[in-house]
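Asker: Pasting a structure here, questions to come.
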Amino acid sequence: MDGSPSGLPIPVAYQNTGRHGTVSLQWLNKGDNAWQMTAATLVGLQCVPGLMILYGSIVKKKWAINSAFMSFYAFAAVLICWVIWGYKMSFGEKLLPFWGKAGPTLGQAYLLQQAQLPATTTPYYPALQPFYPMATLVYFQFVFAALTLILVAGSLLGRMNFIAWMLFVPLWLSFSYSVGAFSLWGGGFLFQWGVIDYAGGYVIHLSSGVAGFVAAYWVGPRNERDRRSFSPNNVLLTLAGAGLLWLGWNGFNGGAPYAANLISPMAVLNTNICAATSLIVWTSIDVLVFKKPSVIGAVQGMITGLVAITPSAGLVQGWAAIVIGIFAGTIPWYTMMVLGRKKSGLLSTVDDTLGAFHTHAVAGTLGGILAGFFAQPTLCNLFLPIPNERGAIYGGSRAGLQLAKQIVGALFVVAWNIVSTTIICMAIQLVVPLRMSEEELAVGDDAAHGEEAYALWDDGDKFDIHVTRHSESVNGASEYDDMPMPHSNIQLQKM
C-alpha cells in the first residue's frame, strides 16, 4: 500500500497499479470498464424485470406467474451454467471451428487479468483485448445469453412443463447458444470469414426465434380455450416491460464494441431511430387495415425495429436506420398478420405463443441481410475483424460477397437450431413430459405453482371448504375468461 496525504495507507485496488503495487496497469481503461458494466446492467434489466414484466402482463391472467417465472428462473440458471462451463464454450479457446473448449471462469487469477477473446485472431488483427478485466467481459456476455433463453420462452408460454423448462435451459445454452456465439463472435469460422452480426441479430434473435418455434412444435399447443382467447391481463404493465426492453437496448447495442468508443453512441442513436420508425410504420398499417391503432401492435413494431437494427447498429448511417425500420415494420407485420393467420400452413399450425418467430427470427434475418446492403465501409473498418468489408450499395468487389456471407450465416444458424433444439426436446421428453397435463392447462398458475398473480375476489381459496383450491377446474374455466377486451389485439396480433 502507498501512503495518502493523511499518512494512512491506500489499498492497492484504489491505485492505478498492478500486482503487489509495483506494475502500472496500462491496459485498464476505467471509462471503458464503467461503460461495459453499465451496458451489462442495462441488458440485465431487459431480462429482469423487463421481459419478466412484459411476459407476465401480456398473457392471460391465469398464466401471469408461470410466464414471469420462466424468465426469472432462466436468468439465474444461465448464470451458473455460464461461469462453470458456458462462457469458455462461447468465447474461449477453439475446440472446433464452431465451438470453444468448456471450462470454468471462477478463479481470481483468470477474472482479474485483461479481457481477451483468444480465438479471435485473424490474418489481419491480433485477438481482441478490451481494456478491462475478464470479470467484466464474462458478465457482459452472460446477460446476452440469459436474454436469448428468455426470448425462447416467449414461444412456449401457457403450456410448457416447468420441470422440462428447467432441463431445457442448460441444454440449449450448451448445445445451441454457445455454437452460434463462438461461430459468429468468439472467433469461429463465420467470424473468420467476415459475416456481420454487430450485436446479435443472428446469435440472439434468429437463434431464439427459430428455437422457440421448433420447441413450440415439440411441446405442443396451448389448450383450445387459451388459443381462442388470450387477452393481456394488464396492458399498462406490458408497456412498462416494453419500455425497459427499449431503453435496455442502449446497453445491448451500445456495449457491443466492448468500449465507450466512436461506434458506441452511433449504435445507440441508430437503435432508437430504427425502433421508433418501425413502431410508427406497424401502427400505421394497423390503422389502415384494422381501423384502430393497437398498443400490442405498437409493442411488436418496437421489438421488430430493435431486432432488425441489431446486426448493423454501429455500421450503418442514420438514413439507413430509417430504411431498416420501414422494412422491420412491414415484413414481420405481413408474416404475422397475413401468413400467420392462414388456416393452413406451418406458421398457423405451430402455437408460437407470442409470435417470436416473426418478431425475432424474421426480423433478425431481415436485419442481417440488410446489413449486407447498408454496412458503411468506414464504419466497418472501425469495428470488423476483416478489413474493407462493405454493403452492396457501396459497390466494389466485396459488395456482393458480403451479401452472400450474410445469407450463409443465417442459413447456418437456422439449420443448427432446428437440429439441436429438436434433439434437446426429444431427449427431455424421455425424462419428463414437455407439456403440462390437461388438468394443469385448465387451471394455470395455481396448478403449476400453487400461486396466483392477483388476489381478487373469487380467486384462490374459497369460503366453501368443499370447493377445491383448483376451483376453476371444476367448471372448466372462469366465466370471465372469454369476455373480450376492447380491441384486444393479442387475439388479432400474436406478439
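Residue positions begin at 1 at the first shown residue.
A Cβ is built for glycine as well, from the same backbone N, Cα and C atoms used for every other residue.
It should be emphasised that the depicted structure is a prediction, and the values quoted were computed from it without experimental measurement.
Sharing the features that TrEMBL gives for it:
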type     : residues : note
DOMAIN   : 34-454   : domain 'Ammonium transporter AmtB-like'
TRANSMEM : 34-56    : transmembrane segment
TRANSMEM : 68-87    : transmembrane segment
TRANSMEM : 138-157  : transmembrane segment
TRANSMEM : 164-186  : transmembrane segment
TRANSMEM : 198-220  : transmembrane segment
TRANSMEM : 232-252  : transmembrane segment
TRANSMEM : 258-282  : transmembrane segment
TRANSMEM : 294-313  : transmembrane segment
TRANSMEM : 319-339  : transmembrane segment
TRANSMEM : 407-432  : transmembrane segment
Asker: Take the C-beta pairs under 8 A between the transmembrane segment (164-186) and each of 68-87, 198-220, 258-282. Which stretch has the highest count?
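Answerer: Checked against 68-87, 198-220, 258-282; highest Cβ contact count belongs to 68-87.
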Asker: Could you give the residue numbers and ranges of same-chain residues that sit at least 6 residues beyond the transmembrane segment (232-252) on either side and whose C-beta is under 8 angstroms from one of its C-beta atoms?
Answerer: 38-43, 45-46, 49-61, 64, 144, 147, 199-200, 268, 271-272, 275, 295-296, 299, 302-303, 306, 310, 453-454, 485, 488, 490
Asker: As a test: from 138-157, 198-220, 294-313, 319-339, 407-432, pick the stretch that has the greatest number of Cβ pairs under 8 Å with the transmembrane segment (34-56).
Answerer: 138-157
Asker: By Cβ distance under 8 Å, which residues at least 6 away from the ends of the transmembrane segment (319-339) in the same chain are close to it?
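Answerer: For the transmembrane segment (319-339), the far contacts come to 269-271, 273-282, 284-285, 289, 300-301, 304-305, 307-309, 312-313, 345, 347, 355, 357-359, 362-363, 366-367, 370, 374, 376, 492-494.
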